[in-house]
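Participant: Structure provided below as structure tokens; questions to follow.
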Amino acid sequence: MTNHPSTSSLRVSSWSTESPRHISHTMLTKMDERKPLKQGLKKRRQPDEGGGGGEMKRKRGGETGQKPQGDGGKKRLDALSVGYFRRVGDRLTEGFDDDEEKEMFVTNVLTEVKGKAALVASDQTGSITLQRLLQLSSPEQVGEVLAELGGESGADFKTISCDRCGGHVVESAVRQMSRFSESSPEETNTREEEEGTFEALEAQVLCLSGVVRDNSAEFLGHVHGSHVVRTLLHVLAGCIGPPRTDARAGVKERNSVSPLTDFDVPTSFWYELKSLTEALMDNVTLSVIDAAASAVFQTMLTVCHRKRPKLCKQLLKRIMEYLSSRSAAPGVSPLLVFLKDQASSRLIDTVIQLAHKSLLCGLYKKHLKGQLVDLALHPIANFPVQRLTAASAKYKLFQKLFDELLQGLEAILAAGHMGVIVQLAEGCAESEERQEELIQCLLHAFHCAEPGSRHVRCLPLFMSLLTYEVYYHSDAAEGSAQTEVPLSSICYHGSRLVQALAKFKDRSLLLSSLRTLTPADLLTLATDPAGSHVLQALITSSSDKGRGKILKRLEGQYVKMACSRLGSRVLEAVWNSSSVSQRQNIAQELVGCESQLRSDQFARHVWAKFALSHFAHRKAHWQEIQTGESKKRKLFSEILE
């Protein structure tokens, strides 16, 4: 290069061989030698990287490192530095030959970052690369980066945490606490040696928390800053989930629950968590008017429920007291308004999921009694109704909810809020109460209760969520359909409903309906994304005699099932629950198509797991092994019962 950035910008090619930074430069050079085609792309610009016009600026003698880019005067990295961090990212992707090489590379790159950490963190490419570097850094290095981002007093944490790119870097740095707290026995000595550096990182996390406490309202209401608060709550509590990404569309699934990993935290974090929750509770008003703030409060309750249950109980009580104290129309609970709001309803979702018995009972008695059907028909409020139904299944409260919701079951079905119906069925299965009543109500709702001959047609109706007349294209007032209709329109919620009904004590109606399906319909069911779960649930939960009747109708379909991605999984589940004689019948049909099964990507696994080569050539030995497995399975089931 003939033009170099000013001394204040990050250098790539002007390091001297005597400088320790030369090592990371050498590593990047080696990488570039292996990728000669990349050299031709060095002038390509990426959006949000602030690299536009970098070459022209150098020719004009302008500053290359920190020029405002038309976004409110925000400083950005120059094009040369952006290219450098892209190359660093590529080098990290390639990996290192040993830990020493990796540590030296990370150290040298972080040396280049020093003094410009905020500028690097605020750039898209720099942010991504810095996050990856922090995952490989020592606690001392992470602490130094955080200290620079926060400034002398920590006041700069607010600015960088509320930056679109910088917030990710702060989160990544704070998350490293979990990595340093997980020490294997052989690492104990190393951990003791690093106590001093570890305390430096601990101090920076506490400093960040202090800034959040002092500016809690600003953090709670900020789309990026709120994510930093959520990560901070996780770390202070000692449980961390997977890192967030930019790929999310902004709408989170209500049922999605990220797995959390517990780790040890310093004693100071326990006290700080209490202080932080107090500061957040001072702004509880934001939790019902702002979606970002609502998400923070949900995180706060979740982590406290996991690690600080007593604190969680106090927080739940205070939040419910606040929600109940708001003004509403005379005689109308304010909760009815909050339940219909996008932000506050999600918070109430979490409150219900984590609430203890007395809180649930009080919530229903004081606020929701007589309102459940109206709420279940609302496009937003029906979700908290689902949570309440699920949470109350282990208490007598469930029967009160059941009685109320059953009155509006057809209206709820018509509204398309099947989650409420599915959860009602799940509650009946868990509580072992009111199961027959729900079945009869569903038969009436799907118009297959009268005449009795329609009962055996219920399974396709439940799975498709269509009434008898619609599914069978019939206007007849009585009798069954005159022509068979191939199984179709199996939907997700219909599958969930039948899987819940399959857990009932009396499954005879479902099994009778299943046995009326043609072999072709059963194959359709086995190979359908939603239907395969239904068939597996019904067959594996049946008695040996009932399973035998279903398997009899499946004869001739086993090879096609084995060659299907979903069907092969159902077949394996059926095999695991079948008797030796039933397995023998399945194996007898499969071995006749050995070449087809062995060449299929799914069926070859079935061939191996069922030991069909043994069945074909050493049948007596195969039968002996299967008999032994059957006895073991029976013994374990008796122990579990």
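Just so you know, the numbers here start at 1 and follow the chain as drawn.
Placement of Cβ uses the backbone N, Cα and C atoms for every residue, glycine included.
The model shown is predicted, which means the values in this text are computed figures rather than measured ones.
Quick paste of what TrEMBL says about this protein:
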- 1-18: compositional bias 'Low complexity' (COMPBIAS)
- 1-78: region 'Disordered' (REGION)
- 112-148: repeat 'Pumilio' (REPEAT)
- 176-196: region 'Disordered' (REGION)
- 493-641: domain 'PUM-HD' (DOMAIN)
- 516-552: repeat 'Pumilio' (REPEAT)
- 553-588: repeat 'Pumilio' (REPEAT)
Participant: Which residues, given as numbers and ranges, are at least 6 beyond the ends of the repeat 'Pumilio' (516-552) yet have a Cβ under 8 Å from it?
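Facilitator: Contacts of the repeat 'Pumilio' (516-552) (Cβ under 8 Å, skipping residues fewer than 6 from its ends): 456-457, 459-460, 463, 484, 486-488, 490-492, 494-495, 498-499, 502-503, 507, 510, 560-561, 564, 566-567, 569-571, 573-574, 576-579, 582, 585-586.
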Participant: When secondary structure is assigned with DSSP, how many helix, strand and coil residues does the repeat 'Pumilio' (112-148) contain?
Facilitator: 28 helix, 0 strand, 9 coil
Participant: Where DSSP helix means H, G or I and strand means E or B, what are the helix, strand and coil counts for the repeat 'Pumilio' (553-588)?
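Facilitator: Residue counts for the repeat 'Pumilio' (553-588) by secondary structure: 29 helix, 0 strand, 7 coil.
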Participant: Quick check on the repeat 'Pumilio' (516-552): DSSP residue counts for helix, strand, coil, in that order please.
Facilitator: 27 helix, 0 strand, 10 coil
Participant: Give me the mean pLDDT over the repeat 'Pumilio' (516-552), rounded to a whole number.
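Facilitator: Averaged over the repeat 'Pumilio' (516-552), per-residue pLDDT gives 92.
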